[in-house]
Amino acid sequence: MRVLLAGGGTAGHTSPLLATAAVLADAGDDIVCLGTPRGLEVTLIPQAGHALELVPPVPLPRRPNADLVKLPANLRRSVSATLEVFDRFRPDVVVGFGGYVSVPAYLAARRRKLPLVVHEGNALPGIANKLGARLTRHVATSFPDTELRHGTYTGLPIRRQIADLDRYASRAEGRRHFGLDPDRPTILVTGGSQGARRINTTMAAAARDLADAGIQVLHAAGRPEEVELDSRADDPPYVVEQYIDRIDLAYAAADLVVCRSGANTVTEVAAVGLPAVFVPLPIGNGEQALNAHPVVGAGGALLIEDGAFTPAWVDSAIVSLVTSPERLERMSQAASGIVRRDAAERLAQMVHEAGEAGR
Ligand SMILES: CC(=O)N[C@H]1[C@@H](OP(=O)(O)OP(=O)(O)OC[C@H]2O[C@@H](n3ccc(=O)[nH]c3=O)[C@H](O)[C@@H]2O)O[C@H](CO)[C@@H](O)[C@@H]1O
């Protein structure tokens with residue numbers, strides 16, 4: 001089957017695309033991906049060995065602003081670029097993951113009367129997928145309670161190296177990879193694909209307290225210049241990276257992760273049973289707090305509001321947590337039962353059914 005997968009703009013939309021593409025490619029399908037010229041997909045998709053076609057992004061404004069005025073022209077340009085890709089690749093089925101290229105893909109699929117599958121990553125659906133769900137019956141959600149027309153709960157597809165982390169990487173290997181000490185308690189810090197200023201500056205300010213407690217840190221900062229350390233805070237190691245390509249090894253290395261609660265990050269850390277402290281992004285439509293709720297409710301993670309995430313809180317709450325193996329173990333057990341590790345296979349099956357029905 002020829003499958004076109006549309007998802008890009010943030011890693012948040014690219015990660016489930018890659019996980020699904022791997023399963024479809026294994027089943028013998030031909031894959032082409034649709035992305036934007038300015039997102040992380042430009043490197044991530046070719047790295048994974050898939051063909052990538054670029055079309056202009058169509059950001060959907062949440063409230064009236066300059067983007068709204070430009071919307072009709074943006075949409076027209078992007079839909080016609082997408083139709084050209086369709087005419088060259090001739091897909092049997094189109095799959096969209098929300099985000100900036102999904103709306104053109106949804107409209108182009110309707111224009112060519114192609115079967116369409118919509119996958120929603122977040123607990124609270126975005127505007128693009130609400131539109132997409134009006135155009136098809138094949139709609140998948142990542143969380144069981146997400147309210148979206150025709151939605152079926154598949155779970156959020158996660159990459160194989162992460163879903164089966166134990167098979168692919170050990171803690172020792174993860175720590176070696178990043179130049180970390182093999183025996184120190186280890187915190188992974190990530191603000192999601194673009195980093196998070198509040199998390200960066202708070203962790204940098206707490207670095208010396210963490211070092212005094214013998215804790216080492218691996219920090220994916222998005223913008224590393226926001227992590228200013230004084231020299232004493234670098235022993236034990238405080239390793240700062242812009243973007244971690246081998247996030248699987250970072251998960252393997254860590255005892256605890258401190259992070260935003262983008263849908264993929266939440267799902268991945270729960271799948272690997274990594275205890276978490278979530279600091280939800282306070283803007284957007286509130287989806288990040290909702291993404292975190294199931295794992296937090298099960299006891300697998302703590303949730304702290306952005307404004308309350310201060311160096312003093314890190315010193316009091318995180319230091320005691322990461323140096324308490326029994327508490328970490330309980331959280332790990334609670335987190336690992338929560339998510340579906342076979343979401344990519346479930347979504348791939350939905351794609352095949354939609355494609356067959358369209359023949
Ligand atoms: C600001 C914004 O629009 N955020 C949204 C975006 O976030 P964002 O893209 O940051 O969110 P996610 O947590 O969903 O995904 C991040 C992905 O990047 C990967 N990763 C991240 C850092 C790193 O160094 N290496 C790495 O590989 C993670 O493994 C994960 O797969 O998409 C999410 C899913 O639609 C939404 O929930 C977020 O609200």
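The backbone N, Cα and C atoms fix where each Cβ goes, and this holds for glycine too.
Automated prediction, rather than curation, is the source of TrEMBL annotations.
With T10, A11, G12, N122, R159, I244, Q288 listed by TrEMBL as binding UDP-N-acetyl-alpha-D-glucosamine, the candidate from S78, S80, S193, S324 annotated for that site turns out to be S193. Sequence-distant contacts (6 or more apart, same chain, Cβ under 8 Å) of R159 (UDP-N-acetyl-alpha-D-glucosamine binding site) comprise S15, L18, A19, A22, D248. With T10, A11, G12, N122, R159, S193, I244, Q288 listed as the residues that bind UDP-N-acetyl-alpha-D-glucosamine, the site has a largest C-alpha separation of 22 Å. Cβ neighbour count for G12 (UDP-N-acetyl-alpha-D-glucosamine binding site): 25 (other Cβ atoms within 10 Å of its Cβ, all protein chains included).
Per DSSP, the domain 'Glycosyltransferase family 28 N-terminal' (3-140) is made up of 63 helix, 31 strand, 44 coil. In this structure, I244 (UDP-N-acetyl-alpha-D-glucosamine binding site) belongs to neither helix nor strand by DSSP; it is coil.
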